[in-house]
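Worksheet for the structure shown next.
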Amino acid sequence: MGSDLKTEAIKRAKVLMVGAGGIGCELLKTLALSGFQDVHIIDMDTIEVSNLNRQFLFRQSHVGQSKAKVARDAVLKFMPQINITPYHANVKDPGFNVDFFKQFNVVLNGLDNLDARRHVNRLCLAAEVPLIESGTTGFLGQVTVHIKGRTECYECQPKPTPKTYPVCTITSTPSKFVHCIVWAKDLLFAKLFGDKKQENDLFVSAGDGSDSVKPTDIFERGSDEDHEQYGRKIYDHVFGYNIEVALANEETWKSRRRPNPIFLKDVLPERLILQNGNLEKNFLTEELPLSAMSSVGPSNPQDVWSLAENSRIFLEALRLFFGRREKEIGNLTFDKDDQLAVEFVTSAANIRASSFGIPLHSLFDAKGIAGNIVHAVATTNAIIAGLIVIEAIKVLQADFQNCRMTYCLEHPARKMLLMPVEPFEANKSCYVCSETPLLLEVNTRASTLRDFVDKIVKTKLGMSLPLIMQGTTLIFEVGDDLEEDVAANYALNLDKVLVELPAPVTSGTMLTVEDLQQELSCHINIKHREEFDEDKEPDKMVLLGWTAPEKESQVVSNGNSTSAAVPAAAEATMKFEEAEVNAEISGMKRKLSEILEATENQEASQILSRPDANNFKNPQELEDDDDDVVVLDNYPETSKKQRQNGTLYMMINPWILLASIIHRRYESVKLAGGWKFHLLICIHGGCIGKLAGGWKFHLLICIHGGCIVSYT
């Protein structure tokens, strides 16, 4: 590993790893092989079959066991001399507090969701421990370094979040398959098998003010109804009657395709309904998970089922839930690893898609969308793990000047697949690391303290155990150490509007919000506002000064799981690693164009500070020090015809090439491979060279073949 000082820094280091999934497995292996002697791992997940294709420390026999503990045992088999301490727990548990984090020299994150990442970021800031973040999605990945007082923190810039959809689109006017998936998963599945007390807008009102049967009457199973009768009733109601009611509102369908109501009798003959599921005895055993596919017939998850097949799967899945898993009814939530749940959601979404003229999808595709699944490129995890260790070694040596944020790209940018960038400075308006006050616009006469706690403090600010004060008056607090009467008193405040609190919150009030576990405190100035746009501002609260997440429809991930993910569907047009969506490339804080621009600006400033800076008329036209050359067959700014014409001109005018070679002597032109190789790639017609000398020389050589000149 190089010098003795570096080796000593590695051996003395006490490292905390958070996450033992896709990146975590590779990272633990790399840490062990790099000489680290004391590693602690936190992960609350257990191993699933779907993990085995990329998390190479796990085997079939480990399914159901703790990831952290099995990863430890696997590494100790080939590196028995090191100390690895596993924690099968949630990183947000109270035991993992600031004092716990202070014992470590560096923290390495391999998480898959925003909530846990924010939590770890705040603990690292409070403990003043360097944090190295990471994430991957397919061929893309990144590693970022966050050091208090030296770089930006993880929350200084917006993070991608799963795309959300308006409720009216989901319930009334779906136009994409993802809309049908969200409807089937978050509305229908939750209504039938989840918490019955939870409000759910599954019922479509007529729109003409006519009275209709209440949804609770429909979804409540009668004591005299068997599974088949109940299944038919639900099918006809959600796919038939609800659509008919929606069609009654003519205004809605003036500019939209009208859906077709679907009733069971029109799809399946009576005999097929009666024999539905008779194959169960041939396929279902106690060892295998319940599956409607096994009972009904379709076996290939990549086949697109017909409407009749989807209807049979729907009825059979409903029957199996109520017949074989009745004890779970009322407490179920959708789980992408629950085969029966995936089958139910796929069939329901396909039936609804058929009604609205949307193309049907296979179980494989539907599972990817419903579970926010992305599929892994294991080598990307290995590359990112290696980069994490490289940055960790720099941090341990206090070599902060050479720390880099590194982006792993799918296609070369500026001739690089690994793009290193100097870490950015802290955002002065970041409420986490700069303690800048926030501004909240809210109707203080209509919004309750509960609204403020749920929508702002917990959701937007990410606080787990909040304490809210108005001046010296404590308005709200949560914690296990509170006395019962005190906790009850705070609970009463939750349903009071802000102006009616013991210390009234009005326009001009400043609230102090703290999280004792994260040791985070921020101030929020209140501004009263009467009206809000329900479509653009559904929370009826607007938080200013807070870096709002950017909406992302692309699914990204890093393949690890340490706490619950955001339960929202995303348009999975790109499928990478299996994991929850809010794993995104963790905190991809800058678009690539911004990264490149920042890098060029840094290089330009370095050049301008040199004694020969006057020779550079344009700070963008800088000489690169390496001799690599990349040939792009389809450079966007050079058409095929231009390249052909340019090549012909070059071939009949060899003086152009000669001029460029002569110019090389006087202007330090760098032609990779010499002039013969330059000639070769120029004949190809799309040469990319590194040629310094200003725009006149650029113009000269561009005549001879559409050559693209790279000034760096």
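Cβ from N, Cα, C; glycine included.
Predicted, not measured: the structure shown is a model, and the values here were computed from it.
TrEMBL lists Cys168 with the feature active site, glycyl thioester intermediate. Annotation comment: TrEMBL describes 19-24, Asp43, 51-54, Lys67, 112-117 as ATP binding site. Sequence annotations record features per position, and here TrEMBL assigns Zn(2+) binding site to Cys153, Cys156, Cys430, Cys433. Taken from TrEMBL, the feature domain 'THIF-type NAD/FAD binding fold' covers 6-430. Residues or ranges marked as domain 'Ubiquitin/SUMO-activating enzyme ubiquitin-like' by TrEMBL: 440-532.
Here the features listed in TrEMBL are placed on the structure.
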residue : record                                     : CB count, 10 Å
Gly19   : ATP binding site                           : 34
Gly22   : ATP binding site                           : 34
Asp43   : ATP binding site                           : 29
Asn53   : ATP binding site                           : 13
Asp112  : ATP binding site                           : 29
Asp115  : ATP binding site                           : 18
Cys156  : Zn(2+) binding site                        : 23
Cys168  : active site, glycyl thioester intermediate : 11
Cys430  : Zn(2+) binding site                        : 19
Cys433  : Zn(2+) binding site                        : 22
Message: Just to be sure I understand, if DSSP states are collapsed into helix, strand and coil, how many residues of the domain 'Ubiquitin/SUMO-activating enzyme ubiquitin-like' (440-532) fall in each?
response: 26 helix, 30 strand, 37 coil
Task: Write out the long-range same-chain contacts of Cys153 (Zn(2+) binding site), meaning residues 6 or more apart in sequence whose Cβ is under 8 Å from its Cβ.
output: Asn121, Leu125, His146, Ala426, Cys430, Val432, Cys433
- line: Same-chain neighbours of the Zn(2+) site, Cβ within 8 Å of the mean position of the Cβ atoms of Cys153, Cys156, Cys430, Cys433 and not counting those residues, run in sequence order as Leu125, Glu152, Tyr154, Glu155, Ala426, Asn427, Val432, Ser434
Alpha-carbon distance [Cys168 (active site, glycyl thioester intermediate); Asp43 (ATP binding site)] in Å: 38
